[in-house]
Structures are given as structure tokens and as C-alpha cells.
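Visitor: My questions all concern the structure below.
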Amino acid sequence: MSEEIISFTNPALGPLPTKAPQLPSNVLDLFSLKGKVASVTGSSGGIGWAVAEAFAQAGADVAIWYNSKPADAKAEYLTEKYGVKAKAYKCNVTDPNDVSKVINEIEKDFGTIDIFVANAGVAWTDGPEIDVQGYDQWKKIVDCDLNGVYYCAHTVGQIFKKNKSGSLIITSSMSGTIVNIPQLQAPYNAAKAACTHLAKSLSVEWASFGARVNSISPGYILTDIADFADPEMKKKWWQLTPLGREGLPQELVGAYLYLASNASTYTTGSNIAVDGGYTCP
């Protein structure tokens, strides 16, 4: 009898090679989310809403998360427009107890969670950190942009482990790779760099129970989170971006759909940059 081959990174996988999934032969079917349940934080507007609607268009039932902007009407819209089940949930992602409660509610209401997008985030708009008094603003960024992601991942990961499958997608940022100019935002950059590496780290840990973890790093996108930028700052953004403009939220959804669907069953630990080429030069 030949000796068993065991993984160096995940011995819990058992004897190698692992079994490949059975996939549809039609490429369009690979991108279908029919029969899946998706949960998207920060989805009352901006990137999160674009992703939630795209998932509904692909056939998924969708749980929308909001904090300050009620999204019940948007959930109703998804149901009426695309014939999927949709419901809005209010949650403060900086509160781990609230996160756990909402994720458990979603599992109860929908039966499970197959896809989770940790997207909620806030921007740093206070300039050079050395000029900021105290640590409240730092804590605000880290609590939402990093801790909130971890709280969501830690809780939904339990569901994925139970199901032996699942896809976690973390919205990171090109700011986790580069240092932004002309605006200075060290706390945001640090939080997003941590998000990118958290995704990579979890991808190795969660592979043992069949779940995948990836991140997406948008560049400058036309959403409310960028409203702090004045026209002169945006001109500099355009000059620094090879495509010469900001992106639309709809230009991101293809990457999210890929990572959510069976088109990406061999993709884990990846960070997809959708930044108009900003990080290339």
C-alpha cells in the first residue's frame, strides 16, 4: 500500500489529492447563484448595494445589511424586480454581539448563508494622523473597517464550517497596497492592509472545511464614501489613475460575482484589484 500524502498546511483535509467539484459545462451556469443565499454588509448604497442587486440578478436570495440608512424598500425592490427572497437587517458591525445576533437571524430566516460579503466601511477624512488629537478617530476606523470584518468572518465561518462550504468576500481597498495622495489616511490604509492579509490567512485556515476566502481592492469609485474629496483632489486622482477617471460601482460587481459563484471554486486567498490601473505604475 502506498504511503498517504498529507497536506503541510491543512492536515485536516485528509489524504491528498482532495476531490474536485462537479461543475456545469456551460460557462454561464458557472456564474449562476440560483439556490444560494448571500449576505452583504453595508449594502444600503454604494458598492454594497450594487453587489446585492447583482447577486439577486444572478438568482441568489439576499440579506441586506444597513446601519444608518434603512433598506427595507430596497429589499422589497429586489423581491419584486428579480423574484428572489430579500430582507433588510439593521446592524452595527462594530458590535460583535449585534453581528452574531444578525447573522443567526439571517440563517434562521433563510435557512443558511452560502456567500458573505464583508463590505461595510468608513473613510478617514482627518488628514495627517500626527495632527489628530487622541485616538477616537483611529478607533472609529479600525473598529468598523477591520474589527467589523473580523466579527462577521468569525461568526459566518461557523456556518461555513457546519456546511463544509461557503465563500467569504472581503471588500478591502487599493489603499491597503499603496499610500494615498494627495489625501493622507494612514489609519484607513493600515486597516485595509490588514483586511487583505486577513483574507489570505483565513483562506488557509478555512480550506480545511471547504470554504473559500478572497478580497477585492477597489480603487477610487463614485460612491458616497468619496464625497469628502473636493474637485481639485479628484483631478489629482484622475491624473494618477491610468484609465483617467473614477470607477462605477457596476464595474466592480463582476469580480464579486466571480468570487461568489462556482466560476471560482479553485480561487482562494486572492486579492482582486479593480482600480483602473492605479496600482500598476
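Placement of Cβ uses the backbone N, Cα and C atoms for every residue, glycine included.
In case it's useful when we look at the structure, here is the feature table from Swiss-Prot:
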- Ser173: active site, proton donor (ACT_SITE)
- Tyr188: active site, proton donor (ACT_SITE)
- Lys192: active site, lowers pKa of active site Tyr (ACT_SITE)
- Ile47, Lys74, Asn119, Tyr188, Lys192, Ile221, Thr223: NADP(+) binding site (BINDING)
Visitor: Under DSSP, is Ile221 (NADP(+) binding site) helix, strand or coil?
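Guide: For Ile221 (NADP(+) binding site) - judged by DSSP and reduced to three states - the answer is strand.
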Visitor: Would you mind pulling the DSSP three-state label for Tyr188 (active site, proton donor)?
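Guide: Helix, per DSSP.
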Visitor: What number of additional C-beta atoms lies within 10 angstroms of the C-beta atom of Lys74 (NADP(+) binding site)?
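Guide: For Lys74 (NADP(+) binding site), the 10 Å Cβ neighbour count is 21.
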Visitor: Can you check which residues sit near Tyr188 (active site, proton donor), meaning Cβ under 8 Å from its Cβ, same chain, 6 or more apart in sequence, and list them in order?
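Guide: Long-range Cβ contacts: Ala123, Trp124, Ile141, Asp145, Ser173, Ser175.
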Visitor: Far apart in sequence but close in space: which same-chain residues, 6 or more away, have a Cβ under 8 Å from Ile47 (NADP(+) binding site)?
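Guide: Once residues fewer than 6 apart are set aside, Ile47 (NADP(+) binding site) is near Asn119, Thr171, Pro218, Ile221, Thr223, Pro249, Leu252.
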Visitor: Any idea what the Cα distance is from Lys192 (active site, lowers pKa of active site Tyr) over to Lys74 (NADP(+) binding site), rounded to a whole Å?
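Guide: Lys74 (NADP(+) binding site) has its Cα 28 Å from the Cα of Lys192 (active site, lowers pKa of active site Tyr).
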Visitor: So which one is it: of the recorded positions Asn119, Ser173, Thr223, which has the fewest other Cβ atoms within 10 Å?
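Guide: The recorded positions Asn119, Ser173, Thr223 were compared, and Thr223 has the fewest Cβ atoms within 10 Å.
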Visitor: Select the most exposed residue of Lys192, Ile221, where exposure means the fewest other Cβ atoms within 10 Å, treating these as the recorded positions.
Guide: Ile221
Visitor: Does DSSP give Lys74 (NADP(+) binding site) helix, strand or coil?
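Guide: DSSP assigns Lys74 (NADP(+) binding site) to helix.
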Visitor: According to DSSP, does Ser173 (active site, proton donor) sit in a helix, a strand, or coil?
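Guide: In three-state terms, Ser173 (active site, proton donor) counts as coil.
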